[in-house]
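See structure below.
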Amino acid sequence: MASALEDPALQRHFKGHKDAVTYVDFSPDGKQLASSSADACVMIWNFKPQSRAYKYPGHKEAVTCVQFSPSGHLVASSSKDRTVRLWAPNIKGESSVLKAHTAVVRCVNFSSDGHTFITASDDKSIKAWNLHRQRFLYSLTEHTNWVRCARFSPDGRLIASCSDDKTVRIWDITNRLCINTFVDYKGHSNYVDFNPMGTCVASAGVDSTVKVWDIRTNKLLQHYQVHNAGVNSLSFHPSGNYLLTASNDGTVKILDLLEGRLIYTLHGHQGPVLSVAFSKSGDQFASGATDAQVLVWKTNFDKYNIKEIVKLQQKRTCPEAPPHLNDIYPKTPHLHTSSGHSIEINPMFELADTQTFDPPIIDVGANFPYCRQTKALHTLNKYERNDNVCNYPMPPLASSVEGQKEHPLVGVQGALPRSLSNTLEQIVDQLNVLTQTVSILEHRLTLTEDKLKECLENQQKIPAHASESD
(Lines of atoms letter the chains of each structure in order from A; the text may use other names.)
(Lines give C-alpha, C1' and ligand atoms only; values in the text may rest on other atoms or scores of the structure.)
Protein backbone atom coordinates (compact mmCIF):
# COMPACT_ATOMS: atom_id res chain seq x y z
CA MET A 1 0.00 0.00 0.00
CA ALA A 2 2.80 2.41 0.82
CA SER A 3 3.98 2.49 -2.78
CA ALA A 4 0.72 4.15 -3.83
CA LEU A 5 0.99 6.86 -1.20
CA GLU A 6 2.40 10.34 -1.44
CA ASP A 7 4.52 11.69 1.39
CA PRO A 8 3.08 14.12 3.96
CA ALA A 9 4.42 17.66 3.66
CA LEU A 10 4.72 20.57 6.07
CA GLN A 11 2.23 23.31 5.10
CA ARG A 12 2.17 25.89 7.86
CA HIS A 13 4.32 26.85 10.81
CA PHE A 14 2.63 28.80 13.62
CA LYS A 15 4.63 30.41 16.39
CA GLY A 16 2.96 32.55 19.05
CA HIS A 17 2.89 30.58 22.27
CA LYS A 18 5.55 31.25 24.90
CA ASP A 19 5.59 27.75 26.34
CA ALA A 20 4.81 24.14 25.40
CA VAL A 21 1.80 23.52 23.16
CA THR A 22 -0.32 20.98 25.02
CA TYR A 23 -3.19 20.37 22.58
CA VAL A 24 -4.34 21.11 19.03
CA ASP A 25 -7.78 20.79 17.44
CA PHE A 26 -9.22 21.71 14.02
CA SER A 27 -12.53 23.51 13.63
CA PRO A 28 -15.25 21.40 11.97
CA ASP A 29 -14.98 23.40 8.73
CA GLY A 30 -11.18 23.14 8.71
CA LYS A 31 -10.72 26.91 8.49
CA GLN A 32 -9.28 27.37 11.98
CA LEU A 33 -7.01 25.57 14.41
CA ALA A 34 -7.14 25.92 18.19
CA SER A 35 -4.12 25.33 20.39
CA SER A 36 -3.60 25.35 24.15
CA SER A 37 -0.36 25.96 25.97
CA ALA A 38 1.47 25.87 29.26
CA ASP A 39 1.67 29.67 28.92
CA ALA A 40 -1.97 29.74 30.18
CA CYS A 41 -3.30 30.92 26.82
CA VAL A 42 -5.58 29.56 24.11
CA MET A 43 -4.89 30.57 20.52
CA ILE A 44 -7.07 30.41 17.41
CA TRP A 45 -5.08 30.21 14.16
CA ASN A 46 -6.81 31.16 10.91
CA PHE A 47 -5.81 29.49 7.65
CA LYS A 48 -6.95 32.33 5.42
CA PRO A 49 -3.88 34.14 3.99
CA GLN A 50 -2.79 37.32 5.80
CA SER A 51 -5.26 36.77 8.62
CA ARG A 52 -4.62 37.31 12.29
CA ALA A 53 -4.42 34.77 15.07
CA TYR A 54 -6.38 35.34 18.27
CA LYS A 55 -4.70 34.88 21.64
CA TYR A 56 -6.94 34.38 24.66
CA PRO A 57 -5.44 34.81 28.13
CA GLY A 58 -7.81 34.03 30.97
CA HIS A 59 -6.71 30.85 32.66
CA LYS A 60 -4.47 31.33 35.68
CA GLU A 61 -2.33 28.25 35.02
CA ALA A 62 -1.33 26.00 32.12
CA VAL A 63 -4.10 25.08 29.67
CA THR A 64 -4.17 21.31 29.23
CA CYS A 65 -6.72 20.82 26.45
CA VAL A 66 -8.81 22.74 23.92
CA GLN A 67 -11.59 21.67 21.57
CA PHE A 68 -14.09 23.17 19.16
CA SER A 69 -17.76 22.38 19.63
CA PRO A 70 -19.34 20.39 16.76
CA SER A 71 -20.83 23.59 15.34
CA GLY A 72 -17.49 25.40 15.55
CA HIS A 73 -19.01 28.41 17.30
CA LEU A 74 -17.66 27.61 20.76
CA VAL A 75 -14.27 26.52 22.04
CA ALA A 76 -13.79 24.74 25.38
CA SER A 77 -10.52 24.71 27.30
CA SER A 78 -9.40 22.93 30.47
CA SER A 79 -6.63 24.01 32.79
CA LYS A 80 -4.47 23.23 35.77
CA ASP A 81 -6.34 26.05 37.53
CA ARG A 82 -9.19 23.51 37.98
CA THR A 83 -11.55 25.35 35.65
CA VAL A 84 -13.08 24.92 32.22
CA ARG A 85 -13.70 27.95 30.01
CA LEU A 86 -16.11 28.26 27.11
CA TRP A 87 -15.00 30.82 24.55
CA ALA A 88 -16.66 32.55 21.62
CA PRO A 89 -13.80 32.25 19.10
CA ASN A 90 -13.85 35.83 17.86
CA ILE A 91 -11.89 39.00 18.44
CA LYS A 92 -13.75 39.83 21.66
CA GLY A 93 -12.69 36.61 23.33
CA GLU A 94 -15.67 36.45 25.69
CA SER A 95 -15.71 33.42 27.94
CA SER A 96 -17.66 31.81 30.75
CA VAL A 97 -15.96 29.92 33.55
CA LEU A 98 -16.93 26.63 35.17
CA LYS A 99 -15.28 25.57 38.40
CA ALA A 100 -15.23 22.01 37.24
CA HIS A 101 -13.07 19.94 39.58
CA THR A 102 -11.12 19.97 42.84
CA ALA A 103 -7.85 19.23 41.04
CA VAL A 104 -6.16 19.74 37.67
CA VAL A 105 -8.54 19.32 34.71
CA ARG A 106 -6.71 17.26 32.08
CA CYS A 107 -9.20 16.97 29.25
CA VAL A 108 -12.42 18.35 27.79
CA ASN A 109 -14.45 16.71 25.01
CA PHE A 110 -17.78 17.41 23.28
CA SER A 111 -20.41 14.85 22.32
CA SER A 112 -21.14 14.65 18.60
CA ASP A 113 -24.54 16.36 18.99
CA GLY A 114 -22.96 19.30 20.84
CA HIS A 115 -25.37 19.08 23.79
CA THR A 116 -22.93 17.63 26.33
CA PHE A 117 -19.26 17.82 27.17
CA ILE A 118 -17.12 15.84 29.59
CA THR A 119 -14.07 16.69 31.67
CA ALA A 120 -11.37 14.46 33.16
CA SER A 121 -9.38 15.41 36.23
CA ASP A 122 -6.67 14.55 38.71
CA ASP A 123 -9.45 14.27 41.31
CA LYS A 124 -9.99 10.78 39.82
CA SER A 125 -13.35 11.65 38.28
CA ILE A 126 -14.98 12.22 34.91
CA LYS A 127 -17.78 14.77 34.90
CA ALA A 128 -20.49 15.37 32.32
CA TRP A 129 -21.98 18.81 31.72
CA ASN A 130 -24.96 20.24 29.87
CA LEU A 131 -23.51 22.74 27.41
CA HIS A 132 -26.59 24.89 26.88
CA ARG A 133 -27.27 25.44 30.57
CA GLN A 134 -23.65 25.02 31.66
CA ARG A 135 -24.75 22.74 34.47
CA PHE A 136 -23.23 19.63 35.99
CA LEU A 137 -24.99 16.37 35.05
CA TYR A 138 -23.18 13.42 36.64
CA SER A 139 -19.81 11.94 37.64
CA LEU A 140 -18.03 8.69 36.76
CA THR A 141 -15.80 7.76 39.67
CA GLU A 142 -14.42 4.22 39.39
CA HIS A 143 -10.86 5.25 38.51
CA THR A 144 -8.49 5.07 41.48
CA ASN A 145 -5.89 7.58 40.24
CA TRP A 146 -5.59 10.65 38.02
CA VAL A 147 -7.76 10.52 34.90
CA ARG A 148 -5.63 11.64 31.96
CA CYS A 149 -8.19 11.62 29.16
CA ALA A 150 -11.87 10.98 28.44
CA ARG A 151 -13.49 10.88 25.00
CA PHE A 152 -17.00 10.32 23.66
CA SER A 153 -17.64 7.61 21.09
CA PRO A 154 -18.74 8.90 17.65
CA ASP A 155 -22.40 8.09 18.37
CA GLY A 156 -22.25 9.58 21.87
CA ARG A 157 -23.38 6.41 23.64
CA LEU A 158 -20.04 5.50 25.22
CA ILE A 159 -17.09 7.21 26.91
CA ALA A 160 -13.52 5.91 26.89
CA SER A 161 -11.11 7.03 29.60
CA CYS A 162 -7.56 6.31 30.71
CA SER A 163 -5.97 6.81 34.09
CA ASP A 164 -2.77 6.54 36.08
CA ASP A 165 -4.37 3.47 37.69
CA LYS A 166 -3.17 1.68 34.51
CA THR A 167 -6.64 1.03 33.15
CA VAL A 168 -8.61 2.04 30.09
CA ARG A 169 -12.31 2.04 30.87
CA ILE A 170 -15.39 2.04 28.65
CA TRP A 171 -18.50 3.66 30.11
CA ASP A 172 -22.18 3.37 29.13
CA ILE A 173 -23.57 6.87 29.59
CA THR A 174 -27.19 5.67 29.64
CA ASN A 175 -26.63 3.61 32.79
CA ARG A 176 -23.55 5.62 33.85
CA LEU A 177 -21.65 2.41 34.50
CA CYS A 178 -18.24 1.05 33.51
CA ILE A 179 -18.95 -1.81 31.12
CA ASN A 180 -15.39 -2.70 30.13
CA THR A 181 -11.90 -2.40 31.59
CA PHE A 182 -8.58 -2.98 29.82
CA VAL A 183 -5.61 -3.31 32.17
CA ASP A 184 -2.00 -2.63 31.22
CA TYR A 185 0.42 -3.64 33.94
CA LYS A 186 3.46 -2.02 32.28
CA GLY A 187 2.29 1.57 32.66
CA HIS A 188 -0.60 3.97 32.35
CA SER A 189 -1.94 5.57 29.18
CA ASN A 190 -1.71 9.29 28.45
CA TYR A 191 -4.43 9.39 25.83
CA VAL A 192 -7.29 7.31 24.49
CA ASP A 193 -9.72 7.71 21.60
CA PHE A 194 -12.32 5.80 19.58
CA ASN A 195 -11.82 4.92 15.94
CA PRO A 196 -14.33 6.61 13.58
CA MET A 197 -16.59 3.55 13.59
CA GLY A 198 -16.76 3.49 17.39
CA THR A 199 -15.89 -0.20 17.75
CA CYS A 200 -12.23 0.11 18.73
CA VAL A 201 -10.23 2.32 21.06
CA ALA A 202 -6.55 3.16 20.83
CA SER A 203 -4.37 4.07 23.79
CA ALA A 204 -1.07 5.97 23.94
CA GLY A 205 1.15 4.60 26.68
CA VAL A 206 3.98 5.95 28.81
CA ASP A 207 5.77 2.68 28.04
CA SER A 208 6.15 3.94 24.42
CA THR A 209 3.45 1.60 23.09
CA VAL A 210 0.28 2.17 21.09
CA LYS A 211 -2.49 -0.37 21.54
CA VAL A 212 -5.74 -0.90 19.65
CA TRP A 213 -8.54 -2.71 21.49
CA ASP A 214 -11.79 -4.17 20.13
CA ILE A 215 -14.50 -3.13 22.59
CA ARG A 216 -16.93 -5.74 21.22
CA THR A 217 -14.71 -8.75 21.86
CA ASN A 218 -12.66 -7.16 24.68
CA LYS A 219 -9.45 -8.19 22.94
CA LEU A 220 -6.21 -6.47 22.04
CA LEU A 221 -6.05 -6.26 18.25
CA GLN A 222 -2.78 -4.48 17.60
CA HIS A 223 0.23 -3.54 19.70
CA TYR A 224 2.77 -1.10 18.24
CA GLN A 225 6.23 -0.54 19.73
CA VAL A 226 7.49 2.10 17.30
CA HIS A 227 8.49 5.02 19.55
CA ASN A 228 11.59 5.35 21.71
CA ALA A 229 9.81 7.20 24.53
CA GLY A 230 6.34 7.68 25.98
CA VAL A 231 3.45 8.36 23.60
CA ASN A 232 1.45 11.48 24.51
CA SER A 233 -1.31 11.67 21.93
CA LEU A 234 -2.91 9.95 18.95
CA SER A 235 -5.52 10.65 16.30
CA PHE A 236 -7.42 8.42 13.88
CA HIS A 237 -7.69 9.41 10.24
CA PRO A 238 -11.40 9.87 9.36
CA SER A 239 -11.20 6.74 7.18
CA GLY A 240 -10.09 4.71 10.20
CA ASN A 241 -7.20 3.29 8.18
CA TYR A 242 -4.38 5.37 9.65
CA LEU A 243 -3.30 6.39 13.12
CA LEU A 244 -1.23 9.45 13.99
CA THR A 245 0.94 9.36 17.13
CA ALA A 246 3.02 11.92 19.07
CA SER A 247 5.85 11.04 21.41
CA ASN A 248 8.43 12.34 23.85
CA ASP A 249 11.07 11.10 21.38
CA GLY A 250 10.32 14.23 19.33
CA THR A 251 8.66 12.47 16.40
CA VAL A 252 5.23 12.13 14.86
CA LYS A 253 4.54 8.71 13.37
CA ILE A 254 1.86 7.46 10.99
CA LEU A 255 0.67 3.87 11.29
CA ASP A 256 -1.14 1.96 8.55
CA LEU A 257 -3.73 -0.04 10.50
CA LEU A 258 -4.79 -2.14 7.51
CA GLU A 259 -1.27 -3.44 6.94
CA GLY A 260 -0.33 -3.24 10.61
CA ARG A 261 2.91 -1.30 10.17
CA LEU A 262 4.66 2.03 10.54
CA ILE A 263 4.81 3.98 7.26
CA TYR A 264 6.05 7.49 8.14
CA THR A 265 8.23 9.11 10.77
CA LEU A 266 8.06 12.92 10.80
CA HIS A 267 10.77 15.14 12.30
CA GLY A 268 9.79 18.77 12.68
CA HIS A 269 9.75 19.67 16.35
CA GLN A 270 12.68 20.40 18.62
CA GLY A 271 11.52 18.49 21.67
CA PRO A 272 8.76 16.15 22.85
CA VAL A 273 5.57 16.25 20.77
CA LEU A 274 2.56 16.57 23.07
CA SER A 275 -0.42 16.58 20.72
CA VAL A 276 -1.52 15.58 17.21
CA ALA A 277 -4.86 15.85 15.43
CA PHE A 278 -6.30 15.13 11.98
CA SER A 279 -8.70 17.64 10.47
CA LYS A 280 -12.30 16.47 10.10
CA SER A 281 -11.77 15.94 6.35
CA GLY A 282 -8.48 14.12 6.88
CA ASP A 283 -6.56 16.19 4.34
CA GLN A 284 -4.50 17.94 7.04
CA PHE A 285 -3.08 17.19 10.45
CA ALA A 286 -1.43 19.33 13.12
CA SER A 287 1.13 18.78 15.85
CA GLY A 288 2.12 20.74 18.95
CA ALA A 289 5.23 20.32 21.08
CA THR A 290 7.34 21.62 23.95
CA ASP A 291 9.17 23.88 21.48
CA ALA A 292 6.05 26.13 21.59
CA GLN A 293 5.41 25.58 17.89
CA VAL A 294 2.35 24.40 16.00
CA LEU A 295 3.01 22.61 12.71
CA VAL A 296 0.31 21.94 10.12
CA TRP A 297 0.93 19.15 7.62
CA LYS A 298 -0.66 18.20 4.31
CA THR A 299 -1.73 14.56 4.54
CA ASN A 300 -1.24 13.57 0.85
CA PHE A 301 -1.41 9.82 1.47
CA ASP A 302 -4.71 8.06 0.69
CA LYS A 303 -5.75 11.19 -1.18
CA TYR A 304 -7.86 9.38 -3.77
CA ASN A 305 -10.57 8.14 -1.45
CA ILE A 306 -10.59 10.43 1.59
CA LYS A 307 -13.84 12.24 0.78
CA GLU A 308 -15.84 9.14 -0.08
CA ILE A 309 -14.63 7.25 2.98
CA VAL A 310 -15.41 10.18 5.27
CA LYS A 311 -18.93 10.40 3.84
CA LEU A 312 -19.49 6.70 4.50
CA GLN A 313 -18.17 7.03 8.05
CA GLN A 314 -20.47 9.98 8.78
CA LYS A 315 -23.50 7.98 7.66
CA ARG A 316 -22.67 5.26 10.17
CA THR A 317 -22.66 7.40 13.32
CA CYS A 318 -26.44 7.09 13.71
CA PRO A 319 -27.38 5.36 17.02
CA GLU A 320 -30.16 3.37 15.29
CA ALA A 321 -27.61 1.49 13.17
CA PRO A 322 -24.94 -0.14 15.38
CA PRO A 323 -21.63 -0.12 13.51
CA HIS A 324 -19.81 -3.16 12.23
CA LEU A 325 -16.07 -2.81 11.73
CA ASN A 326 -13.78 -4.66 9.38
CA ASP A 327 -11.19 -1.91 9.03
CA ILE A 328 -8.76 -3.23 11.67
CA TYR A 329 -6.71 -6.12 10.33
CA PRO A 330 -5.46 -8.66 11.35
CA LYS A 331 -7.95 -9.81 13.95
CA THR A 332 -5.40 -11.49 16.22
CA PRO A 333 -3.26 -9.53 18.71
CA HIS A 334 0.38 -9.28 17.78
CA LEU A 335 3.30 -6.95 18.31
CA HIS A 336 4.42 -4.40 15.75
CA THR A 337 7.92 -3.05 16.24
CA SER A 338 9.94 -0.37 14.52
CA SER A 339 12.13 -3.00 12.86
CA GLY A 340 10.34 -2.40 9.55
CA HIS A 341 11.42 0.52 7.40
CA SER A 342 9.43 3.75 7.42
CA ILE A 343 9.91 6.90 5.40
CA GLU A 344 11.76 9.55 7.41
CA ILE A 345 10.63 13.12 6.73
CA ASN A 346 12.45 16.14 8.13
CA PRO A 347 10.78 19.24 6.68
CA MET A 348 13.19 21.62 8.39
CA PHE A 349 15.83 20.71 5.84
CA GLU A 350 13.48 21.81 3.07
CA LEU A 351 11.81 24.78 4.77
CA ALA A 352 14.52 27.32 5.42
CA ASP A 353 12.39 30.31 6.44
CA THR A 354 9.60 28.98 8.62
CA GLN A 355 9.01 32.35 10.26
CA THR A 356 7.25 33.67 7.16
CA PHE A 357 4.28 31.51 8.11
CA ASP A 358 3.78 33.27 11.44
CA PRO A 359 0.61 35.41 11.28
CA PRO A 360 0.03 38.67 13.17
CA ILE A 361 -1.37 37.94 16.64
CA ILE A 362 -4.17 39.80 18.38
CA ASP A 363 -3.69 39.56 22.14
CA VAL A 364 -7.34 39.76 23.12
CA GLY A 365 -6.53 40.23 26.78
CA ALA A 366 -4.36 43.26 26.01
CA ASN A 367 -6.63 44.89 23.47
CA PHE A 368 -10.02 44.52 25.12
CA PRO A 369 -11.11 44.82 28.75
CA TYR A 370 -11.90 41.46 30.32
CA CYS A 371 -15.63 40.86 30.14
CA ARG A 372 -17.41 40.21 33.37
CA GLN A 373 -18.53 36.64 33.78
CA THR A 374 -22.23 37.55 33.83
CA LYS A 375 -21.97 39.33 30.49
CA ALA A 376 -19.91 36.53 28.99
CA LEU A 377 -22.41 33.95 30.17
CA HIS A 378 -25.26 35.91 28.59
CA THR A 379 -23.40 36.21 25.30
CA LEU A 380 -22.35 32.58 25.19
CA ASN A 381 -25.74 31.24 26.22
CA LYS A 382 -27.21 32.99 23.20
CA TYR A 383 -25.08 30.71 21.02
CA GLU A 384 -25.12 27.58 23.16
CA ARG A 385 -28.88 27.25 22.82
CA ASN A 386 -28.29 26.82 19.09
CA ASP A 387 -24.95 25.04 19.23
CA ASN A 388 -26.26 22.19 17.10
CA VAL A 389 -27.24 24.69 14.38
CA CYS A 390 -24.36 25.49 12.08
CA ASN A 391 -25.50 28.67 10.38
CA TYR A 392 -26.40 31.23 13.03
CA PRO A 393 -24.38 34.46 12.82
CA MET A 394 -21.54 35.38 15.16
CA PRO A 395 -21.55 38.76 16.93
CA PRO A 396 -19.99 41.68 15.06
CA LEU A 397 -16.25 41.88 15.51
CA ALA A 398 -14.67 44.93 17.07
CA SER A 399 -12.58 47.28 14.98
CA SER A 400 -8.83 47.01 14.89
CA VAL A 401 -6.74 48.17 17.82
CA GLU A 402 -5.77 51.83 17.94
CA GLY A 403 -2.33 52.46 16.53
CA GLN A 404 -2.31 49.35 14.40
CA LYS A 405 -2.90 49.10 10.69
CA GLU A 406 -6.26 47.60 9.92
CA HIS A 407 -6.23 44.12 8.37
CA PRO A 408 -9.05 41.88 7.23
CA LEU A 409 -10.00 39.26 9.80
CA VAL A 410 -10.88 35.65 9.13
CA GLY A 411 -14.40 34.73 10.08
CA VAL A 412 -15.82 38.17 9.30
CA GLN A 413 -18.63 37.73 6.79
CA GLY A 414 -18.68 40.35 4.05
CA ALA A 415 -21.72 41.77 2.37
CA LEU A 416 -22.69 38.41 0.86
CA PRO A 417 -25.97 36.95 2.17
CA ARG A 418 -25.68 33.70 4.11
CA SER A 419 -27.58 31.71 1.46
CA LEU A 420 -25.29 32.93 -1.31
CA SER A 421 -22.21 32.19 0.78
CA ASN A 422 -23.44 28.63 1.41
CA THR A 423 -24.17 28.15 -2.29
CA LEU A 424 -20.67 29.29 -3.24
CA GLU A 425 -19.16 26.93 -0.68
CA GLN A 426 -21.16 24.05 -2.16
CA ILE A 427 -19.94 24.94 -5.64
CA VAL A 428 -16.34 24.97 -4.41
CA ASP A 429 -16.85 21.57 -2.76
CA GLN A 430 -18.29 20.17 -6.00
CA LEU A 431 -15.35 21.54 -7.97
CA ASN A 432 -12.99 19.87 -5.51
CA VAL A 433 -14.80 16.58 -6.01
CA LEU A 434 -14.56 16.98 -9.80
CA THR A 435 -10.85 17.74 -9.53
CA GLN A 436 -10.36 14.67 -7.39
CA THR A 437 -12.35 12.54 -9.85
CA VAL A 438 -10.19 13.72 -12.74
CA SER A 439 -7.08 12.83 -10.71
CA ILE A 440 -8.44 9.35 -10.11
CA LEU A 441 -9.23 8.88 -13.81
CA GLU A 442 -5.74 10.06 -14.78
CA HIS A 443 -4.24 7.64 -12.29
CA ARG A 444 -6.31 4.74 -13.65
CA LEU A 445 -5.51 5.70 -17.24
CA THR A 446 -1.80 5.63 -16.43
CA LEU A 447 -2.17 2.16 -14.92
CA THR A 448 -4.09 0.97 -18.00
CA GLU A 449 -1.42 2.34 -20.34
CA ASP A 450 1.30 0.60 -18.34
CA LYS A 451 -0.57 -2.70 -18.50
CA LEU A 452 -1.14 -2.32 -22.24
CA LYS A 453 2.54 -1.56 -22.80
CA GLU A 454 3.49 -4.64 -20.79
CA CYS A 455 1.10 -6.80 -22.84
CA LEU A 456 2.53 -5.52 -26.13
CA GLU A 457 6.08 -6.21 -24.96
CA ASN A 458 5.13 -9.74 -23.95
CA GLN A 459 3.36 -10.27 -27.28
CA GLN A 460 6.52 -9.28 -29.16
CA LYS A 461 8.52 -11.82 -27.18
CA ILE A 462 6.25 -14.73 -28.17
CA PRO A 463 7.57 -15.18 -31.79
CA ALA A 464 11.15 -15.01 -30.55
CA HIS A 465 10.54 -17.75 -27.99
CA ALA A 466 8.72 -19.83 -30.61
CA SER A 467 11.63 -19.62 -33.08
CA GLU A 468 14.12 -20.53 -30.36
CA SER A 469 12.12 -23.61 -29.44
CA ASP A 470 12.05 -24.70 -33.13
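First residue shown is number 1, and so on along the chain.
Glycine residues also receive a Cβ, built from the backbone N, Cα and C atoms like all the rest.
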### Task
Choose the correct range: of 374-417, 418-461, which one does Swiss-Prot annotate as coiled coil? Give that range.
418-461
### Query
Can you say which of 16-55, 58-97, 100-139, 142-181, 184-223 has the most Cβ pairs under 8 Å with the repeat 'WD 7' (268-307)?
16-55
### Message
Looking only at the repeat 'WD 4' (142-181), what is the model's average confidence as pLDDT?
### Response
96
### Summary
DSSP assigns the residues of the repeat 'WD 6' (226-265) as 0 helix, 23 strand, 17 coil
